[in-house]
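Annotated features in TrEMBL:
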- A:135-429: domain 'NADH:quinone oxidoreductase/Mrp antiporter transmembrane' (DOMAIN)
- A:6-31: transmembrane segment (TRANSMEM)
- A:38-58: transmembrane segment (TRANSMEM)
- A:88-106: transmembrane segment (TRANSMEM)
- A:118-135: transmembrane segment (TRANSMEM)
- A:141-160: transmembrane segment (TRANSMEM)
- A:214-238: transmembrane segment (TRANSMEM)
- A:250-270: transmembrane segment (TRANSMEM)
- A:282-303: transmembrane segment (TRANSMEM)
- A:310-332: transmembrane segment (TRANSMEM)
- A:338-359: transmembrane segment (TRANSMEM)
- A:380-403: transmembrane segment (TRANSMEM)
- A:456-477: transmembrane segment (TRANSMEM)
Amino acid sequence: MIPTSLNAWVATPEIFLLCSACIVLLFDLFVSESRKQVTYLLTLLVLALTAVLTIQSLQQGLMLAANGASPARYAFSNMYVADPVADFAKIGMVLGVALVLIYGRGYAQERGIFKGELFTLTLFSLLGMMVMASATNFLTLYVGLELLSLAIYALVAMPRNNVRSTEAAMKYFVLGALASGMLLYGLSMLYGATGSLDIYEVASRIIRGEANPMLVTFGTVFVVTGIGFKLGAVPFHMWVPDVYEGAPTLLAQLIGSAPKLAAFVFVLRLLGHGLAALGPDWGAMLIIMAVLSLVIGNLAAIAQKNIKRMLAYSTISHMGFVLLGFLVYNAVGYAASFFYVMTYVITAAASFGLLMLMSRSGFECENIDDFKGLNKRNPWYALMMLMVMFSMAGIPAFVGFFAKLSVLRALVGSGFTWLAIVAVVFSLIGAFYYLRVVKVMYFDEPEADAPVAVGNLDAQLILSANCLLLLALGVFPNQLLTALSYAVKLSMASAAGMMLQ
Amino acid sequence: MTLALFYIFAAVLVFGALRVITAKNPVHAVLWLILSFFTSACLWILLKAEFLAVSLVVIYVGAVMVLFLFVVMMLDLNFEELRKGFWKFFPVAAVVAAIMLVEMILVLTNRYAQIPGAQLVETGPTVRELGLQIYTTYFLPFQLSAVLLLVGMIAAIGLTIRKRKNTKYQQPGEQIAVKAADRVRVLKMDAEARLEAPQPKPADDQQAQG
């Protein structure tokens, strides 16, 4: 009843982001078309400050945990939680979004989409992701998801004279709306069965057997379907390749990187916490989705000539891996998935970043043939692409290997050895198309003699750092893995505490 | 008193609704529909549901009906043409209407369809209660929905705005800041002696050179 019960200080990063997104929106109106660099720099400043605030929140949470208290701080009548999982995910999201803007600057300028809306809508989509990461109530969860999706639909449609991106936006919008409908229908059934919108309340009522089991099961099916659409897992993957191919590469990167982290926390809270009691039920559904994603993602990627489509199918297979981590429904599996998603965001950012830096006005670098003989034309870019491809393929010494390894370890630890074998077999098949890119770069003759477009210097430096990070994390994966597992464990413990109340 | 008001409003509502479907002119039909909405809002107020009443007026009368009016007035529809097949389709429509009537009667009279706890609860002014809930318990989703609407607005404007190159815009700031010196240029020059009119050159010379 009194404002202090809102406890709004807990949500400082989001509140700051919202206010500054509005400031960027207004500020941009006074910046002339030719000087949008100013808005760009302001947006990066906002992202940096948001990251600082999130890191502070993370430190506070870890300090609470070190003192033996619960690290989860609730706000807005228990509709918002700041816990280490949310804070880690948010830091990854801010980084992912910042990389989109840094790599995409030159690309967007050449294609006439370097406009104020690009920055404001990107900031709002980040706000949506951050809300999703912190939501503990169906209502907040859903509104965050819609905020994220709506901003991205509009961004994809932004080059409106381009038929391909308009088509991509239309497909994305229609299927996204369908997925939202499915999800909402499932959530409404869960609400009908339990009489509550609060995730922990729902969980405890299901555990106490106060919920109608039939309705809960039906609701779970629809929720899992909605999640499948949003993650782009088979058989709900049809939109992914078309959207990746049609959308400007900048937005393909935005769709393919940071939102996956939001989706991870979303699934963790919805299935891992809220429907924890139904683990075997949704676990079985996830097995089907994960195996199909691995099979179809990896096999279809082999047939692709367009590298954006190839990356889309590779995303599908990576999401299969993430689901594999989930379906063991314990903290080890969730931590493995978290690590997988976190490193995937960095890898995907690097892959799309390379495509954008090598494009120039009038030329989209999007076919595998465009990489022919890259080593002779620009050895440094070829080496970086090699690192990205090796990491995605899961070759040791790169971070992708440890991500896959941790998921497989979680699977074997929970007795799903056959699933681990399937995952390994299809990863091997998947390695073929990643290595084909490497072969094309190093062993084929270049088709054009013109020097490769290299992009802006700042983007080049950050991209190099990004690719070297893949190697560095591959050599020293333990710090990140330990930190993320610790965060997941803390989150599970505080969720269990909330359910007992 | 309340009962008398109820009958008055109900009578107006029924009359307005009838006129909506019998009016020949679609603009009149929309206006009658506005009257129907307005009187139903009055009925809601009699039931002490003032939030519903206000939102009915604000949303339906204020927004949806205005949109309807625009559409009806802008489209050049031939309504006589639309009415032509009325008697041909009447049997189908009658069957559908009959099914709907039966369903409604079944639902309204069925004992199982009565929702327990659906009695009107007197909690005082509903707007106040809703406001308290929205600004305390549901503060976060409420604010986020507002952000969602803002994003929708930015997206709609961003996707549809186009600056036409040949449209001339007024720039009031520059118009106000203009000085007399910007408009009239006074040239100072010395007086010059009148020149003799130059001799016209032969035309064929110029053509040969050109």
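Even glycines carry a Cβ here, placed using N, Cα and C.
Remark: the transmembrane segment (A:456-477) makes no contact with the transmembrane segment (A:250-270), by the rule of 3 or more CB pairs under 8 A.
Between the transmembrane segment (A:214-238) and the transmembrane segment (A:380-403) there are fewer than 3 Cβ pairs closer than 8 Å, counting only residues 6 or more apart in sequence, so the two stretches are not in contact. Sequence-distant neighbours of the transmembrane segment (A:118-135) (same chain, 6+ residues past either end, Cβ-Cβ under 8 Å): 11, 13-14, 17-18, 20-21, 24-25, 28, 39-40, 42-43, 46-47, 50, 79-82, 85-86, 89-90, 93-94, 97, 100-101, 108, 141, 143-152, 154-155, 158, 254, 258-259, 261-263, 265-266, 269.
Counting residues 6+ beyond its ends, the transmembrane segment (A:282-303) has Cβ neighbours under 8 Å at 220-221, 224, 228, 233-237, 241, 271, 275, 310, 313-321, 323-324, 326-329, 419, 422-423, 426-427, 429-430, 432-433 in the same chain. Nonlocal intrachain contacts for the transmembrane segment (A:88-106), taken as residues 6+ away from its ends with a CB within less than 8 angstroms of a stretch CB, comprise 13, 40, 43-44, 47-48, 50-51, 54-55, 58, 114, 119, 122, 125-126, 129-130, 133-134, 249-250, 253-254, 257-258, 261-262, 264-265, 338, 341-342, 345-346, 349, 352-353, 356-357, 455-456, 458-459, 462-463, 466, 483-484, 487.
Contact between the transmembrane segment (A:250-270) and the transmembrane segment (A:310-332) holds: at least three of their C-beta pairs are under 8 Å, each pair 6 or more apart in sequence. The list of residues near the transmembrane segment (A:38-58) in space but at least 6 beyond its ends in sequence, with Cβ under 8 angstroms from a Cβ of it, reads 10, 12-13, 16-17, 20-21, 24, 27-28, 31, 82, 84, 87-88, 90-91, 94-95, 97-98, 101-102, 105, 114, 116, 119, 122-123, 126.
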